[in-house]
Amino acid sequence: MMSATPSMSAMPSTDNMPSFDQALDSPVSPSPSLRPFYVISLSYLLFTLTDGALRMIVLMQANDIGFSAFEIALMFVLYELCGVVTNLLGGVLASRLGLRTTLLCGLVLQCVACGLLMPFSTPADWQHLGSRSAQIAYIMFTQSFAGMAKDLVKLSGKSVTKLASPQGDNSRLFYLVSRLTGFKNEVKGLGFFVGTALQRLGGFIVALSVLGVVVLLAIVPSTAFLSPTVGRSRGPRINWHRVFHKGADFNLLCAARLFLFGSRDIWFEVALPIYMKNILGWDTLLVGCFLAGWTVVYGLVQSYSKELALQPLKQFPPEPRHAWPWASVLSALATLVAAGMTGVRYSGSSDAATGVIITGLALYAILFAVNSSTHSYLVVLLSDHDKVAMDVGFYYMANAAGRLLGTLLGGVLYSFYDVGDSQLVLSASGNYTLGPEFDWTARTASFSACLWGAAVLGIISTVFGVVMKRVVKPAGSE
């Protein structure tokens, strides 16, 4: 049975309602309903810093050792695949045992992931594992722990926003969801920079050690100040029928989310940093700064999507019918950026390629943020208050599946259009650099292909949004 979208006319007025920022600045002690939000949010943000940093450390280390784009993409397959499974099982676990359990499990698993990587700081260390396939398999194994950790912690962070909002107060719910999601991405962007800076300045072991300490700091408030009963379902015992029995609106939103995030990660996760470092010749720290800046802009727009876009366009609070127009504009932009990169590859100018990437992807960050903010709010709005963790977990299972799809497709497309090893030479420092016969035009085709793939996946996401608009009645209709 389809879930009904709450009537806009029934929503309380927000004219006299304090903003989320004002609530944070208030000298009054947080109410009992907000205490779990503050505690989980703090741990979630600290964890996110380490998640972004660890991703960059592993990616850059693998690239420096000489792994191809497809091999690096394979290293993150279990990271994303475990996210799919973890979101599904974690939602059920949180509904039965509470959000503190899932949060602490995620933080401990992140420590395990960092510890497993520490013995392998140099190319010589990796040779002890034997074949190249064994090396890739080991990194996949370590990243599986990081993938489970990320989604257990994220599940807790996203779910607590519903519990901290009175039922029917959709404006407050949007504030909590958009600000927390935006702050999370800003911190993740900072993590990209921190990861590359730590690896560059302190080395692999020092970088991982610092991340481990930060995760331990996140465990303290979660253990000391969070009740074990937060997020437990008080209704009938959760069973698999309840897990998979969703309304048509919820399922279509999940499908739209899957292809939306696939359209981003097909170029962002592996292709972009490798292209910048190996083809444009950017320093590792500069690559980290760009990815950090992109993610911070994305997070800022998410935090203020209401003020910047939704309210001026009279789409606040968002309804399901508002999702597809934003996805269609994003797809059109991806097509333009892909066409631009296809054009500049024949000019042979790296400056032109840099200009297209910076300008096009900056606009992409803004539009993607509004898309993501709208989706994040809708899933919490459409979830059942008593089993919010299970519903949010199911939704972010689709999110993780989209990231997996995008990461794999990006690695395949980039490697398919990439040059052979004959154009890469091993430098005295142990890193691979461009050889004398390097074909700049051919290597640019690899990143262009990923952008064309992003456009296609974005169009598919738009189609699901259009169908969702037709299935779900607009607010206020009979």
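Cβ coordinates are placed from backbone N, Cα and C, and glycine is handled just like the others.
Under the heading transmembrane segment, TrEMBL lists 37-60 (among others).
Annotated transmembrane segment per TrEMBL: 72-94 (among others), in sequence order.
Residues annotated as transmembrane segment in TrEMBL: 101-120 (among others). For the transmembrane segment (101-120), same-chain residues at least 6 beyond its ends with a Cβ under 8 Å from one of its own Cβ atoms are 40, 43-44, 47, 50-51, 54, 58, 90, 93-94, 126, 129, 138-139, 141-143, 145-146, 148-153, 155-156, 204-205, 208-209, 211-212, 215-216, 218-219, 222-223, 226, 228, 389.
Annotation comment: TrEMBL describes 201-227 (among others) as transmembrane segment.
Annotation comment: TrEMBL describes 279-301 (among others) as transmembrane segment.
The feature transmembrane segment is assigned by TrEMBL to 322-344 (among others).
As annotated by TrEMBL, transmembrane segment applies to 356-382 (among others). When Cβ-Cβ distances below 8 Å are used as the criterion, the transmembrane segment (356-382) is approached by residues 3, 5-6, 158, 161-162, 170, 173-174, 177-178, 181-182, 185, 247, 249-250, 253-254, 256-257, 260, 264, 272, 276, 290, 294-295, 297-302, 305, 308-310, 315, 317-320, 322-323, 326-327, 329-330, 333-334, 336-337, 340-341, 344, 388, 391-392, 395 of the same chain, each at least six residues removed from its ends.
As annotated by TrEMBL, transmembrane segment applies to 394-417 (among others).
Beyond the transmembrane segment (445-467), the same-chain residues lying 6 or more positions past its ends with a Cβ under 8 Å from any Cβ of the stretch are 69, 252, 255-260, 262-264, 266-267, 271-272, 275, 279, 323-324, 327-328, 330-331, 334-335, 337-338, 341-342, 345, 405-406, 409-410, 413-418. Among the features that TrEMBL reports, transmembrane segment is placed at 445-467 (among others).
Of the recorded ranges 37-60, 72-94, 201-227, 322-344, the transmembrane segment (394-417) has the largest number of C-beta contacts under 8 angstroms with 72-94.
Distant neighbours of the transmembrane segment (201-227): 35-36, 39-40, 42-43, 46-47, 49-50, 53-54, 57, 61, 98-100, 103-104, 107-108, 110-111, 114-115, 117-118, 121-122, 195; these residues of the same chain sit at least 6 beyond its ends, with a Cβ under 8 Å from one of its Cβ atoms. In this chain, the transmembrane segment (322-344) does not touch the transmembrane segment (37-60); fewer than three CB pairs sit within less than 8 A of each other, excluding pairs fewer than 6 residues apart.
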